[in-house]
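Database features (TrEMBL):
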TRANSMEM  30-52  transmembrane segment
TRANSMEM  64-87  transmembrane segment
TRANSMEM  122-140  transmembrane segment
TRANSMEM  152-174  transmembrane segment
TRANSMEM  186-207  transmembrane segment
TRANSMEM  219-237  transmembrane segment
TRANSMEM  243-262  transmembrane segment
TRANSMEM  274-299  transmembrane segment
TRANSMEM  305-322  transmembrane segment
TRANSMEM  342-362  transmembrane segment
TRANSMEM  368-385  transmembrane segment
(Lines of atoms letter the chains of each structure in order from A and count residues from 1; the text may use other names and numbers.)
(Lines give C-alpha, C1' and ligand atoms only; values in the text may rest on other atoms or scores of the structure.)
Protein backbone atom coordinates (compact mmCIF):
# COMPACT_ATOMS: atom_id res chain seq x y z
CA UNK A 1 0.00 0.00 0.00
CA UNK A 2 1.27 3.47 -0.85
CA UNK A 3 2.67 5.39 2.08
CA UNK A 4 0.43 8.30 1.10
CA UNK A 5 -2.58 6.27 2.12
CA UNK A 6 -1.38 5.43 5.61
CA UNK A 7 -2.79 7.95 8.05
CA UNK A 8 -3.23 5.73 11.10
CA UNK A 9 -0.68 6.37 13.85
CA UNK A 10 2.43 4.21 14.25
CA UNK A 11 2.79 2.08 17.36
CA UNK A 12 5.05 4.10 19.61
CA UNK A 13 4.91 4.71 23.32
CA UNK A 14 4.06 8.09 24.82
CA UNK A 15 7.46 8.19 26.57
CA UNK A 16 9.02 10.41 23.88
CA UNK A 17 6.77 13.39 24.60
CA UNK A 18 6.10 14.84 28.06
CA UNK A 19 4.39 18.12 27.22
CA UNK A 20 0.77 19.17 27.02
CA UNK A 21 -1.34 16.55 25.22
CA UNK A 22 -2.98 19.26 23.11
CA UNK A 23 0.45 20.02 21.58
CA UNK A 24 1.45 16.39 20.98
CA UNK A 25 0.48 16.38 17.29
CA UNK A 26 -0.75 18.94 14.78
CA UNK A 27 -4.37 17.85 14.53
CA UNK A 28 -5.04 18.55 18.20
CA UNK A 29 -4.69 22.34 18.50
CA UNK A 30 -5.52 23.16 14.89
CA UNK A 31 -8.72 21.10 14.71
CA UNK A 32 -9.85 22.45 18.09
CA UNK A 33 -9.22 26.12 17.36
CA UNK A 34 -10.31 25.94 13.72
CA UNK A 35 -13.66 24.43 14.68
CA UNK A 36 -14.26 27.09 17.33
CA UNK A 37 -13.19 29.89 15.02
CA UNK A 38 -15.13 28.50 12.06
CA UNK A 39 -18.36 28.48 14.06
CA UNK A 40 -17.88 31.95 15.59
CA UNK A 41 -16.70 33.58 12.37
CA UNK A 42 -19.67 32.38 10.34
CA UNK A 43 -22.18 33.40 13.01
CA UNK A 44 -20.54 36.84 13.15
CA UNK A 45 -20.56 37.15 9.36
CA UNK A 46 -24.22 36.15 9.01
CA UNK A 47 -25.23 38.57 11.77
CA UNK A 48 -23.35 41.44 10.10
CA UNK A 49 -24.47 40.49 6.58
CA UNK A 50 -28.14 40.53 7.56
CA UNK A 51 -27.84 43.63 9.74
CA UNK A 52 -28.61 41.77 12.94
CA UNK A 53 -25.40 42.95 14.59
CA UNK A 54 -23.30 46.05 14.18
CA UNK A 55 -20.19 45.60 16.32
CA UNK A 56 -18.60 48.67 17.84
CA UNK A 57 -15.29 47.60 16.31
CA UNK A 58 -15.60 46.08 12.84
CA UNK A 59 -12.87 44.28 10.84
CA UNK A 60 -10.35 46.82 9.59
CA UNK A 61 -10.51 45.51 6.01
CA UNK A 62 -14.33 45.48 5.88
CA UNK A 63 -16.74 42.69 6.71
CA UNK A 64 -16.93 41.07 3.26
CA UNK A 65 -13.16 41.09 2.80
CA UNK A 66 -12.71 39.72 6.32
CA UNK A 67 -15.16 36.88 5.67
CA UNK A 68 -13.56 35.97 2.33
CA UNK A 69 -10.09 35.96 3.87
CA UNK A 70 -10.72 34.29 7.18
CA UNK A 71 -12.75 31.32 5.98
CA UNK A 72 -10.03 30.40 3.49
CA UNK A 73 -6.69 31.58 4.88
CA UNK A 74 -7.77 31.27 8.51
CA UNK A 75 -10.20 28.39 9.03
CA UNK A 76 -9.44 26.14 6.05
CA UNK A 77 -5.69 26.67 6.20
CA UNK A 78 -5.56 25.65 9.87
CA UNK A 79 -7.33 22.35 9.19
CA UNK A 80 -5.10 21.60 6.20
CA UNK A 81 -1.98 22.27 8.28
CA UNK A 82 -3.29 20.14 11.15
CA UNK A 83 -4.03 17.28 8.76
CA UNK A 84 -0.66 17.45 6.99
CA UNK A 85 1.33 17.63 10.23
CA UNK A 86 -0.57 14.58 11.47
CA UNK A 87 -0.54 12.47 8.32
CA UNK A 88 3.02 13.56 7.54
CA UNK A 89 4.32 11.88 10.68
CA UNK A 90 3.05 8.56 9.38
CA UNK A 91 4.07 9.12 5.77
CA UNK A 92 7.67 9.76 6.85
CA UNK A 93 8.09 8.03 10.22
CA UNK A 94 9.54 11.31 11.54
CA UNK A 95 8.18 13.66 14.18
CA UNK A 96 6.30 16.65 12.82
CA UNK A 97 6.03 19.86 14.89
CA UNK A 98 4.99 19.30 18.49
CA UNK A 99 5.44 20.97 21.85
CA UNK A 100 6.91 24.47 21.87
CA UNK A 101 7.32 24.81 18.09
CA UNK A 102 3.79 23.60 17.40
CA UNK A 103 2.57 25.98 20.10
CA UNK A 104 4.44 28.83 18.41
CA UNK A 105 2.79 28.10 15.06
CA UNK A 106 -0.61 27.90 16.74
CA UNK A 107 0.10 31.19 18.50
CA UNK A 108 0.97 32.88 15.20
CA UNK A 109 -2.28 31.61 13.67
CA UNK A 110 -4.36 32.70 16.67
CA UNK A 111 -2.77 36.15 16.87
CA UNK A 112 -3.42 36.62 13.16
CA UNK A 113 -7.11 35.86 13.68
CA UNK A 114 -7.36 38.50 16.42
CA UNK A 115 -5.45 41.12 14.42
CA UNK A 116 -7.41 40.48 11.23
CA UNK A 117 -10.43 41.74 13.14
CA UNK A 118 -8.97 44.41 15.38
CA UNK A 119 -5.92 45.62 13.46
CA UNK A 120 -3.78 47.58 13.11
CA UNK A 121 -3.47 46.57 9.47
CA UNK A 122 0.34 46.48 9.40
CA UNK A 123 0.46 44.13 12.40
CA UNK A 124 -2.31 41.90 11.05
CA UNK A 125 -0.63 41.52 7.67
CA UNK A 126 2.83 40.96 9.16
CA UNK A 127 1.66 38.16 11.44
CA UNK A 128 -0.82 36.62 9.01
CA UNK A 129 1.60 36.25 6.10
CA UNK A 130 4.09 34.41 8.34
CA UNK A 131 1.86 31.44 9.17
CA UNK A 132 1.67 29.46 5.94
CA UNK A 133 5.35 29.88 4.92
CA UNK A 134 6.46 28.75 8.39
CA UNK A 135 4.21 25.70 8.19
CA UNK A 136 5.30 24.94 4.63
CA UNK A 137 8.99 25.08 5.55
CA UNK A 138 8.46 22.96 8.67
CA UNK A 139 6.59 20.34 6.65
CA UNK A 140 9.11 20.40 3.80
CA UNK A 141 12.03 19.81 6.18
CA UNK A 142 10.37 16.63 7.45
CA UNK A 143 9.68 15.40 3.92
CA UNK A 144 13.23 16.16 2.80
CA UNK A 145 14.77 14.32 5.74
CA UNK A 146 12.62 11.31 4.92
CA UNK A 147 13.34 11.64 1.18
CA UNK A 148 9.56 11.62 0.68
CA UNK A 149 9.72 13.28 -2.73
CA UNK A 150 6.26 12.09 -3.69
CA UNK A 151 4.79 14.42 -1.07
CA UNK A 152 6.87 17.51 -1.84
CA UNK A 153 3.94 18.90 -3.81
CA UNK A 154 1.88 19.17 -0.63
CA UNK A 155 4.53 21.34 1.05
CA UNK A 156 4.76 23.42 -2.11
CA UNK A 157 0.96 23.79 -2.12
CA UNK A 158 1.12 25.28 1.39
CA UNK A 159 3.72 27.73 0.12
CA UNK A 160 1.55 28.62 -2.88
CA UNK A 161 -1.39 29.21 -0.57
CA UNK A 162 0.86 31.51 1.43
CA UNK A 163 1.69 33.40 -1.78
CA UNK A 164 -2.02 33.80 -2.52
CA UNK A 165 -2.45 35.16 1.01
CA UNK A 166 0.32 37.69 0.44
CA UNK A 167 -1.33 38.67 -2.83
CA UNK A 168 -4.64 39.09 -1.03
CA UNK A 169 -3.14 41.56 1.43
CA UNK A 170 -1.24 43.44 -1.28
CA UNK A 171 -4.46 43.85 -3.24
CA UNK A 172 -6.36 45.15 -0.20
CA UNK A 173 -3.61 47.68 0.55
CA UNK A 174 -3.70 48.91 -3.05
CA UNK A 175 -7.46 49.31 -2.92
CA UNK A 176 -8.13 46.48 -5.40
CA UNK A 177 -10.74 44.47 -3.53
CA UNK A 178 -11.55 42.63 -6.76
CA UNK A 179 -7.98 41.32 -6.95
CA UNK A 180 -8.11 40.33 -3.28
CA UNK A 181 -11.25 38.27 -3.88
CA UNK A 182 -9.55 36.65 -6.88
CA UNK A 183 -6.64 35.64 -4.63
CA UNK A 184 -9.13 34.14 -2.18
CA UNK A 185 -10.85 32.25 -5.00
CA UNK A 186 -7.49 30.96 -6.21
CA UNK A 187 -6.87 29.57 -2.72
CA UNK A 188 -10.33 27.96 -2.76
CA UNK A 189 -9.36 26.29 -6.02
CA UNK A 190 -6.12 25.11 -4.44
CA UNK A 191 -8.00 23.49 -1.55
CA UNK A 192 -10.37 21.88 -4.08
CA UNK A 193 -7.33 20.39 -5.80
CA UNK A 194 -6.05 19.21 -2.42
CA UNK A 195 -9.37 17.41 -1.87
CA UNK A 196 -9.15 15.99 -5.40
CA UNK A 197 -5.66 14.59 -4.78
CA UNK A 198 -6.04 13.33 -1.21
CA UNK A 199 -9.69 12.38 -1.60
CA UNK A 200 -8.96 10.44 -4.75
CA UNK A 201 -6.46 8.36 -2.83
CA UNK A 202 -8.20 7.79 0.50
CA UNK A 203 -11.94 7.80 -0.22
CA UNK A 204 -11.85 4.61 -2.33
CA UNK A 205 -9.65 2.95 0.31
CA UNK A 206 -11.88 3.98 3.22
CA UNK A 207 -14.93 2.85 1.25
CA UNK A 208 -13.47 -0.56 0.42
CA UNK A 209 -12.37 -1.08 4.04
CA UNK A 210 -15.77 -0.12 5.46
CA UNK A 211 -18.05 -1.96 3.03
CA UNK A 212 -17.04 -5.56 2.25
CA UNK A 213 -17.58 -6.60 -1.33
CA UNK A 214 -18.01 -3.11 -2.74
CA UNK A 215 -16.57 -2.65 -6.21
CA UNK A 216 -14.37 0.40 -6.69
CA UNK A 217 -13.85 1.20 -10.35
CA UNK A 218 -11.11 3.42 -11.72
CA UNK A 219 -10.53 4.55 -15.28
CA UNK A 220 -7.01 5.46 -16.30
CA UNK A 221 -8.13 8.31 -18.54
CA UNK A 222 -10.09 9.87 -15.68
CA UNK A 223 -7.16 9.63 -13.27
CA UNK A 224 -4.87 11.21 -15.85
CA UNK A 225 -7.10 14.18 -16.61
CA UNK A 226 -9.09 14.94 -13.44
CA UNK A 227 -6.35 16.89 -11.64
CA UNK A 228 -5.15 18.93 -14.68
CA UNK A 229 -8.73 19.78 -15.65
CA UNK A 230 -9.60 20.80 -12.08
CA UNK A 231 -6.46 22.94 -11.92
CA UNK A 232 -7.21 24.67 -15.23
CA UNK A 233 -10.86 25.26 -14.35
CA UNK A 234 -9.97 26.64 -10.92
CA UNK A 235 -7.35 28.95 -12.44
CA UNK A 236 -9.72 30.18 -15.15
CA UNK A 237 -12.39 30.85 -12.55
CA UNK A 238 -9.99 32.73 -10.27
CA UNK A 239 -8.88 35.09 -13.05
CA UNK A 240 -12.50 35.47 -14.23
CA UNK A 241 -11.72 34.19 -17.70
CA UNK A 242 -14.27 34.84 -20.47
CA UNK A 243 -17.16 32.40 -20.61
CA UNK A 244 -15.90 30.97 -23.90
CA UNK A 245 -12.84 29.70 -21.98
CA UNK A 246 -14.18 29.16 -18.47
CA UNK A 247 -17.43 27.35 -19.29
CA UNK A 248 -15.84 24.49 -21.32
CA UNK A 249 -13.04 24.04 -18.77
CA UNK A 250 -15.45 23.99 -15.82
CA UNK A 251 -17.76 21.56 -17.61
CA UNK A 252 -14.83 19.28 -18.44
CA UNK A 253 -13.68 19.34 -14.79
CA UNK A 254 -17.23 18.64 -13.61
CA UNK A 255 -17.51 15.69 -16.01
CA UNK A 256 -14.18 14.17 -14.95
CA UNK A 257 -14.97 14.60 -11.26
CA UNK A 258 -18.44 13.14 -11.74
CA UNK A 259 -17.19 10.08 -13.61
CA UNK A 260 -14.53 9.51 -10.96
CA UNK A 261 -17.12 9.66 -8.19
CA UNK A 262 -19.46 7.34 -10.11
CA UNK A 263 -16.82 4.62 -9.87
CA UNK A 264 -16.90 4.66 -6.07
CA UNK A 265 -20.46 3.30 -5.71
CA UNK A 266 -21.53 6.09 -3.35
CA UNK A 267 -25.09 4.84 -2.79
CA UNK A 268 -23.80 1.79 -0.92
CA UNK A 269 -22.12 4.03 1.67
CA UNK A 270 -25.35 5.53 3.05
CA UNK A 271 -25.40 3.19 6.04
CA UNK A 272 -21.81 4.21 6.93
CA UNK A 273 -22.01 7.95 7.72
CA UNK A 274 -18.26 8.23 8.40
CA UNK A 275 -17.77 7.21 4.75
CA UNK A 276 -20.87 8.70 3.14
CA UNK A 277 -19.97 12.22 4.33
CA UNK A 278 -16.74 11.95 2.33
CA UNK A 279 -18.70 10.98 -0.76
CA UNK A 280 -21.16 13.82 -0.17
CA UNK A 281 -18.32 16.34 0.13
CA UNK A 282 -16.66 15.04 -3.02
CA UNK A 283 -19.98 15.20 -4.90
CA UNK A 284 -19.90 18.97 -4.55
CA UNK A 285 -16.79 19.08 -6.76
CA UNK A 286 -18.70 18.23 -9.96
CA UNK A 287 -21.67 20.26 -8.70
CA UNK A 288 -19.44 23.24 -7.97
CA UNK A 289 -17.70 23.26 -11.34
CA UNK A 290 -21.01 22.77 -13.13
CA UNK A 291 -22.32 25.85 -11.33
CA UNK A 292 -19.13 27.78 -12.11
CA UNK A 293 -19.79 27.08 -15.80
CA UNK A 294 -23.39 28.22 -15.36
CA UNK A 295 -22.27 31.36 -13.51
CA UNK A 296 -19.87 32.28 -16.31
CA UNK A 297 -22.87 32.27 -18.66
CA UNK A 298 -24.91 34.41 -16.28
CA UNK A 299 -27.35 31.66 -15.37
CA UNK A 300 -26.63 31.57 -11.62
CA UNK A 301 -25.08 33.84 -9.02
CA UNK A 302 -21.28 33.49 -8.94
CA UNK A 303 -21.33 33.54 -5.13
CA UNK A 304 -23.65 30.54 -5.12
CA UNK A 305 -21.27 28.59 -7.35
CA UNK A 306 -18.29 29.39 -5.13
CA UNK A 307 -20.15 28.32 -2.01
CA UNK A 308 -20.72 24.90 -3.54
CA UNK A 309 -16.94 24.54 -3.22
CA UNK A 310 -16.51 26.28 0.13
CA UNK A 311 -19.46 24.92 2.11
CA UNK A 312 -20.01 21.73 0.12
CA UNK A 313 -16.52 20.50 -0.69
CA UNK A 314 -14.35 22.18 1.93
CA UNK A 315 -16.88 22.16 4.78
CA UNK A 316 -17.92 18.58 4.09
CA UNK A 317 -14.36 17.31 3.74
CA UNK A 318 -13.32 19.10 6.91
CA UNK A 319 -16.08 17.74 9.16
CA UNK A 320 -15.39 14.28 7.72
CA UNK A 321 -11.65 14.34 8.31
CA UNK A 322 -11.56 16.13 11.68
CA UNK A 323 -13.76 13.38 13.11
CA UNK A 324 -12.02 10.44 11.40
CA UNK A 325 -8.45 11.50 12.12
CA UNK A 326 -9.24 12.61 15.67
CA UNK A 327 -10.73 9.20 16.44
CA UNK A 328 -7.82 7.27 14.96
CA UNK A 329 -5.09 9.46 16.41
CA UNK A 330 -6.59 9.54 19.90
CA UNK A 331 -6.50 5.74 20.06
CA UNK A 332 -10.21 5.21 19.50
CA UNK A 333 -12.07 2.94 17.12
CA UNK A 334 -13.34 4.46 13.89
CA UNK A 335 -16.92 4.30 15.08
CA UNK A 336 -19.23 7.30 15.02
CA UNK A 337 -22.42 7.94 16.95
CA UNK A 338 -25.40 10.25 16.89
CA UNK A 339 -23.36 13.37 17.60
CA UNK A 340 -21.13 12.87 14.57
CA UNK A 341 -24.04 11.85 12.37
CA UNK A 342 -25.93 15.00 13.30
CA UNK A 343 -22.81 17.08 12.63
CA UNK A 344 -22.46 15.46 9.20
CA UNK A 345 -26.14 16.07 8.44
CA UNK A 346 -25.94 19.72 9.50
CA UNK A 347 -22.92 20.35 7.26
CA UNK A 348 -24.53 18.61 4.29
CA UNK A 349 -27.74 20.58 4.79
CA UNK A 350 -25.74 23.81 5.14
CA UNK A 351 -24.28 23.19 1.69
CA UNK A 352 -27.60 22.22 0.12
CA UNK A 353 -29.42 25.23 1.56
CA UNK A 354 -26.64 27.68 0.63
CA UNK A 355 -26.46 26.41 -2.95
CA UNK A 356 -29.98 25.29 -3.82
CA UNK A 357 -31.81 28.00 -1.86
CA UNK A 358 -30.69 31.04 -3.91
CA UNK A 359 -31.11 29.10 -7.17
CA UNK A 360 -34.65 27.95 -6.41
CA UNK A 361 -35.81 31.11 -4.63
CA UNK A 362 -33.49 34.06 -5.41
CA UNK A 363 -35.60 36.47 -3.37
CA UNK A 364 -34.94 34.40 -0.26
CA UNK A 365 -31.15 34.40 -0.57
CA UNK A 366 -30.66 36.24 2.77
CA UNK A 367 -32.75 33.63 4.53
CA UNK A 368 -30.78 30.84 2.82
CA UNK A 369 -27.50 32.43 3.93
CA UNK A 370 -28.78 32.66 7.51
CA UNK A 371 -30.06 29.08 7.62
CA UNK A 372 -26.88 27.74 6.05
CA UNK A 373 -24.69 29.68 8.47
CA UNK A 374 -26.61 28.38 11.47
CA UNK A 375 -26.35 24.79 10.23
CA UNK A 376 -22.61 25.23 9.55
CA UNK A 377 -21.99 26.59 13.04
CA UNK A 378 -24.11 23.86 14.64
CA UNK A 379 -22.08 21.19 12.86
CA UNK A 380 -18.83 22.56 14.26
CA UNK A 381 -20.28 23.11 17.74
CA UNK A 382 -21.43 19.48 17.85
CA UNK A 383 -17.90 18.47 16.92
CA UNK A 384 -16.45 20.59 19.72
CA UNK A 385 -18.86 19.24 22.32
CA UNK A 386 -17.78 15.65 21.73
CA UNK A 387 -14.20 16.02 20.54
CA UNK A 388 -12.71 18.67 22.80
CA UNK A 389 -11.83 16.01 25.43
CA UNK A 390 -10.33 13.81 22.70
CA UNK A 391 -8.16 16.67 21.44
CA UNK A 392 -6.97 17.93 24.82
CA UNK A 393 -6.20 14.63 26.57
CA UNK A 394 -3.56 11.99 25.94
CA UNK A 395 -4.33 9.01 23.72
CA UNK A 396 -6.35 6.38 25.54
CA UNK A 397 -4.04 3.59 24.33
CA UNK A 398 -0.87 5.18 25.77
CA UNK A 399 0.77 5.68 22.39
CA UNK A 400 2.33 8.92 21.23
CA UNK A 401 0.33 11.42 19.22
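We count from 1, first residue shown onward.
Positions of Cβ are set from backbone N, Cα and C atoms, glycine also.
Keep in mind that TrEMBL annotations are predicted by a computer and have not been checked by a curator.
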Seg_contact(the transmembrane segment (305-322), the transmembrane segment (186-207)) with at least 3 CB pairs under 8 angstroms, min sep 6: yes
Positions on the same chain near the transmembrane segment (30-52), where near means CB under 8 A and six or more residues out: 22, 58, 63, 66-67, 70-71, 74-75, 78-79, 81-82, 85, 106, 109-110, 113, 318, 322, 325-326, 366, 369-370, 373-374, 376-377, 380-381, 383-384, 387-388, 391-392
Close approaches to the transmembrane segment (342-362) from elsewhere in its chain (Cβ under 8 angstroms; 6 or more beyond its ends): 273, 276-277, 280, 284, 287, 291, 300-301, 303-304, 307-308, 311-312, 315-316, 319-320, 323, 368-369, 371-373, 375-376, 378-380, 382-383
Cβ contacts the transmembrane segment (274-299)/the transmembrane segment (186-207), at least three under 8 Å, sequence gap 6 or more: yes
Criterion met for the transmembrane segment (243-262) and the transmembrane segment (219-237) (at least three Cβ pairs under 8 Å): yes
Remote residues contacting the transmembrane segment (219-237) - C-beta distance under 8 A, at least 6 residues beyond either end: 185-186, 188-190, 192-193, 196-197, 200, 245-246, 249-250, 252-253, 256-257, 259-260, 263, 285, 289, 292, 296
Residues from the same chain, set at least six apart from the ends of the transmembrane segment (64-87), whose C-beta lies under 8 A from its own: 7, 25-31, 33-34, 37-38, 41-42, 45, 49, 96-97, 102, 105, 109, 112-113, 116-117, 128, 131-132, 135, 138-139, 154, 158, 161, 164-165, 168, 172, 177, 180-181, 184, 187-188, 191, 194, 310, 314, 318, 321-322, 325, 329, 401
